[in-house]
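Report on the following structure.
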Amino acid sequence: MEGKYTKSHVYEKGLRGGVSEVHLHQARPRRQLLRTEGHAVPGDEPAGGAALLAAGPGAHAGTLLPQLPEKLISKYNWIKQWKLGLKFEGKSEDLVDKIKESLTLLRKKWAGLAELRTAEARQIACDELFTNEEEEYSLYEAVKFLMLNRAIELYDDKEKGKEVPFFSVLLFARDTSNDPGQLLRNHLNQVGHTGGLEQVEMFLLAYAVRHTIQVYRLSKYSTEEFITVYPTDPPLDWPVVTLIAEDDRHYNVPVRVCEETSL
């Protein structure tokens, strides 16, 4: 019981510290401050994807071409081993059509967010973004495909002797992801099924959508690991999205600024 209280106390202190850092105001951290995007599947990807979706378009939004899946699959036949998320199991979905549909939906959602000029309008749009579960999971498929596309680009650059971010060297040094095909089979295909993203894959997520991902780790409050940034040295023009982590498996997305209330 004492350990549980201590852990809860650390989380509360961390939440208050994170709230202060990101300029959210809430006197009672347990109230509706965060939207949890973990659903039934623990791990980083749902929350990371949700934060990036809600943040709106990055610098590459206009390059989300519907023909990208056909282009890649025609060159890399192993992409046909792609495993659609649990939400689409049992449905007769054509892989190329489903991914094209997901990318088109992502481009449409981001384009809509880009047109909004006020924080209030963006807040409403973000709330609406997660009311349709099937659409939400389609958007995650699009983000995962962008991750695979970026992994292929980085791997090809590495093989040609070009300079690549250090995380990609680590990514392809693993026994389970020596190349993009293994990355798909052993890692990306598990996301949305039995697993989430590992730390090195959070870097890939950031590079795939050209956003800086900033994570406040509540259990690491008052340590050097309280704030983790992916990538560690991001380009200055990348937008920043924020996650708040209860631990290394459950992430929350800050969604609104709350009026401070008295206890």
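Each residue, glycine too, has its Cβ placed from N, Cα and C.
Residues or ranges marked as region 'Linear diubiquitin binding' by TrEMBL: 166-170 (among others). If one looks beyond the region 'Linear diubiquitin binding' (166-170) by at least 6 residues along the same chain, the residues whose Cβ comes under 8 Å of a Cβ in the stretch are 151, 154-155, 158, 200, 203-204, 207, 231.
Restricting the average to the region 'Linear diubiquitin binding' (194-200) gives a pLDDT of 80. What TrEMBL records for 194-200 (among others) is region 'Linear diubiquitin binding'.
Same-chain residues at least 6 positions away in sequence with a Cβ under 8 Å from that of Glu225 (site 'Linear diubiquitin binding') are, in sequence order, Arg217. When secondary structure is read from DSSP and collapsed to three states, Glu225 (site 'Linear diubiquitin binding') falls in the coil class. Marked as site 'Linear diubiquitin binding' by TrEMBL: Glu225.
According to TrEMBL, the active site annotation covers His250.
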